[in-house]
Amino acid sequence: MMALGRAFAIVFCLIQAVSGESGNAQDGDLEDADADDHSFWCHSQLEVDGSQHLLTCAFNDSDINTANLEFQICGALLRVKCLTLNKLQDIYFIKTSEFLLIGSSNICVKLGQKNLTCKNMAINTIVKAEAPSDLKVVYRKEANDFLVTFNAPHLKKKYLKKVKHDVAYRPARGESNWTHVSLFHTRTTIPQRKLRPKAMYEIKVRSIPHNDYFKGFWSEWSPSSTFETPEPKNQGGWDPVLPSVTILSLFSVFLLVILAHVLWKKRIKPVVWPSLPDHKKTLEQLCKKPKTSLNVSFNPESFLDCQIHEVKGVEARDEVESFLPNDLPAQPEELETQGHRAAVHSANRSPETSVSPPETVRRESPLRCLARNLSTCNAPPLLSSRSPDYRDGDRNRPPVYQDLLPNSGNTNVPVPVPQPLPFQSGILIPVSQRQPISTSSVLNQEEAYVTMSSFYQNK
């Protein structure tokens, strides 16, 4: 009986000891929980399952005992005040459509009814993009590059559509540095010249929100994909491109040398090296030389090449044509009377006016045409007298106008004389050929000349 009592006493003591140890353990857990660092992080993913959003939280220290800890979010919710996150190992999450996506929420770590730590976060600023998928790399032989394509889940989303992608690739062996390419589309190209020939490469891609309202973090890397670069072309062989370029270059240089040699004097040299003009020749071209042989004579023969229009002669001709009934030549008796009057008029003039200038003859000719007939207008001008210095010794000299006199033996034969300048329409036009004049005109000229000679002899 004593043995049975001892046994009950031992069992009771053991029960008390076990119960005391268990109570002390719970109190110790509370003390340890208060002393640990409960810092955490959270991120959201929008429209992961239709209109439902996902919120995920976890502690920064993975060694924390999370047996009695829980996460709770309050504020910026649609129909509820607070929501408690579900636990999956060391991760806390909740999938719901109650997020307002406007304003900030209060996320707290709780142990029982006690809040250990809290953070104020906005769901739209902690968005984590979804990882791209279906990454493919295709080699294009014609373009000599690699085409990289992948799928981004955000293209079909309602809220988050604009994201930035980061494509990273590196050789699969022997190198740890990644080459990054940033883009906003789901396809890109990698030129073959940037890759090593006949090498295996690893490539992967990730995304991050790129929006003014929705901001957040990089997504997880997509599953890696590998591709191999081809061998270099014509390795160890003959490249026909370089010789072709060399031959074309030499031929072009040879052609340029020939053209330069042919066109040097006519085209190239005047442009590259212009010649200076001679100043003497330039001055000769600019300055006109004065004429040395100026014709200042009043001789009618000097104006044979010129057409002289006399206004008075034209007026006199018009008056003659209006007064004369016909253009019949004058009778011989009238011609003799005219010659006699001309001789008497010449004898009565003073010796000082020895020669009748052409202007006097031209001025008197229209008057004679008016007084008598047009035939008298064609008579050549004669010397009215000789020079005042005329001497007796000069009498034996032949007269100046000897050609005007007929031969002494035959006075009735026409004598060729220089054709005078006929008066026609006020223009002096020379007659190139000598024509025989009428006998009456020759007699008048001879009579006038003999009369003047007798006048000088008497004087």
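Every residue gets a Cβ built from N, Cα and C, even glycine.
The compositional bias 'Basic and acidic residues' annotation in Swiss-Prot covers 388-397.
Of all the Cβ atoms in the protein chains shown, 22 others lie within 10 Å of the Cβ of Cys57 (disulfide bond). According to Swiss-Prot, the disulfide bond annotation covers Cys42-Cys57 (among others), on the basis of experimental evidence.
Here Swiss-Prot flags Cys74-Cys82 (among others) as disulfide bond, drawing on experimental evidence. In the three-state DSSP scheme, Cys74 (disulfide bond) is classed as strand. Within 10 Å of the Cβ of Cys74 (disulfide bond) there are 15 other Cβ atoms, across all protein chains.
The DSSP secondary structure for Cys108 (disulfide bond) is strand. With a 10 A radius on its CB, Cys108 (disulfide bond) counts 19 other CB atoms from all the protein chains. Marked as disulfide bond by Swiss-Prot on the basis of experimental evidence: Cys108-Cys118 (among others).
According to DSSP, the domain 'Fibronectin type-III' (131-232) comprises 7 helix, 50 strand, 45 coil. Residues annotated as domain 'Fibronectin type-III' in Swiss-Prot, with sequence analysis given as evidence: 131-232.
Long-range neighbours of Asn60 (N-linked glycosylation site) (same chain, six or more residues apart, CB within less than 8 Å of its CB): Asp37, Ser39, Phe40, Trp41. Annotation note: Asn60 (N-linked glycosylation site) sits in a coil segment as assigned by DSSP. Taken from Swiss-Prot, the feature N-linked glycosylation site applies to Asn60 (among others), supported by sequence analysis.
Listed in sequence order, the residues of the same chain lying 6 or more apart from Asn115 (N-linked glycosylation site) and placing their CB within less than 8 Å of its CB are Cys108, Val109. According to Swiss-Prot, the feature N-linked glycosylation site maps to Asn115 (among others), an assignment based on sequence analysis.
Residues annotated as N-linked glycosylation site in Swiss-Prot, with sequence analysis given as evidence: Asn177 (among others). For Asn177 (N-linked glycosylation site), the number of other Cβ atoms no farther than 10 Å from its own Cβ, over all displayed protein chains, is 8.
Summarised as a single figure, the pLDDT of the motif 'Box 1 motif' (272-280) averages 71. Residues annotated as motif 'Box 1 motif' in Swiss-Prot: 272-280.
Per Swiss-Prot, the feature transmembrane segment maps to 240-264; the stated evidence is sequence analysis.
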Cβ-Cβ neighbours of Cys42 (disulfide bond) (radius 10 Å):
20
Sorted by position, what residues of the same chain at least six away from Cys82 (disulfide bond) have a C-beta under 8 A from it?
Gln72, Ile73, Cys74
Cys42 (disulfide bond) to Cys118 (disulfide bond), Cα to Cα, whole Å, comes out at 12
